[in-house]
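As written in Swiss-Prot, here are the features:
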- 16-38: zinc finger (ZN_FING)
- Lys28: SUMO2 cross-link (CROSSLNK)
- 44-66: zinc finger (ZN_FING)
- Lys51: SUMO2 cross-link (CROSSLNK)
- Lys56: SUMO2 cross-link (CROSSLNK)
- 72-94: zinc finger (ZN_FING)
- 100-122: zinc finger (ZN_FING)
- 128-150: zinc finger (ZN_FING)
- 156-178: zinc finger (ZN_FING)
- Lys157: SUMO cross-link (CROSSLNK)
- Lys169: SUMO cross-link (CROSSLNK)
- Lys173: SUMO2 cross-link (CROSSLNK)
- 184-206: zinc finger (ZN_FING)
- 212-234: zinc finger (ZN_FING)
- 212-292: region 'Interaction with TERF2IP' (REGION)
- 240-262: zinc finger (ZN_FING)
- 268-290: zinc finger (ZN_FING)
Amino acid sequence: MSHLSQQRIYSGENPFACKVCGKVFSHKSNLTEHEHFHTREKPFECNECGKAFSQKQYVIKHQNTHTGEKLFECNECGKSFSQKENLLTHQKIHTGEKPFECKDCGKAFIQKSNLIRHQRTHTGEKPFVCKECGKTFSGKSNLTEHEKIHIGEKPFKCSECGTAFGQKKYLIKHQNIHTGEKPYECNECGKAFSQRTSLIVHVRIHSGDKPYECNVCGKAFSQSSSLTVHVRSHTGEKPYGCNECGKAFSQFSTLALHLRIHTGKKPYQCSECGKAFSQKSHHIRHQKIHTH
């Protein structure tokens, strides 16, 4: 390190300023790397996978994902990480620290990125667009998972029955069928659920809370998924298309029912006469024949 560089560190002198945002640096090389943020230039490329970064420090951090090296270990639980900032974020789970709070509803988060994604539930912003069907998402990870519908990729397989899923969360939900575990119980009525999110939605039955409101007609819903489906009644969007006949649907569940026309699948069987049905509603209607 040169004598001049050392002097700047001790004096706190930062003579190099960014013309775009005004941020100052002690070295011109640091300013040059910073300016890549504004120009979106990514000159630092990973030799393993070709992924590019705006700063050298980020490509160095990224390369740890290929080596598998995890130098940073949590003192509480022993879990290790390839990057120090990932360890610091993880440690907040143990401390309960949630420094990033939503100004609209007060909900707090461990990570700033989670707060930004959450705030989109208030603004309705969905900047990530599927190139196949045009469906939009508030988070990039949601788009990535959705895209598996189009390519037919189902990498998450149940070890019990072999059923495969495009998204990990659906596999986890499915596995509770085999275990029967329902650890989340409602304090109001005692009803138990296998998933925490299901309990949260259920509690709204008692509270009457409907936080998701349609910007077009003002109708409110207890679940964001219900609002998403409802909005399609205004837009006419039908993102779920049948590969057999091309018919499109606004809900995935409706497409799943429709597919049984082509597959001939009839999972609902009458215990009285053995007649089978493709839809549960048809099965229930049929059973009334035997009760009358």
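From the backbone N, Cα and C atoms, a Cβ is placed for every residue, glycine too.
Following the DSSP three-state reduction, the secondary structure of Lys157 (SUMO cross-link) is strand. When DSSP labels each residue, the zinc finger (240-262) comes out as 11 helix, 4 strand, 8 coil, counted as helix, strand and coil in that order.
When the Cα of Lys28 (SUMO2 cross-link) is compared against those of the recorded sites Lys56, Lys157, Lys173, the shortest separation belongs to Lys56. All protein chains considered, the CB of Lys51 (SUMO2 cross-link) has 14 other CB atoms within 10 Å. Cα of Lys51 (SUMO2 cross-link) to Cα of Lys169 (SUMO cross-link): a span of 27 Å.
Under 8 Å from some Cβ of the zinc finger (268-290) lie the Cβ atoms of residues 257, 260-261, all in the same chain and six or more residues away from its ends.
Neighbours of Lys173 (SUMO2 cross-link), defined as other CB atoms within 10 A of its CB across all chains, total 15. All chains included, 12 other C-beta atoms sit within 10 angstroms of the C-beta of Lys169 (SUMO cross-link).
The Cα atom of Lys56 (SUMO2 cross-link) lies nearest to that of Lys169, taking the recorded sites Lys157, Lys169, Lys173 as the candidates.
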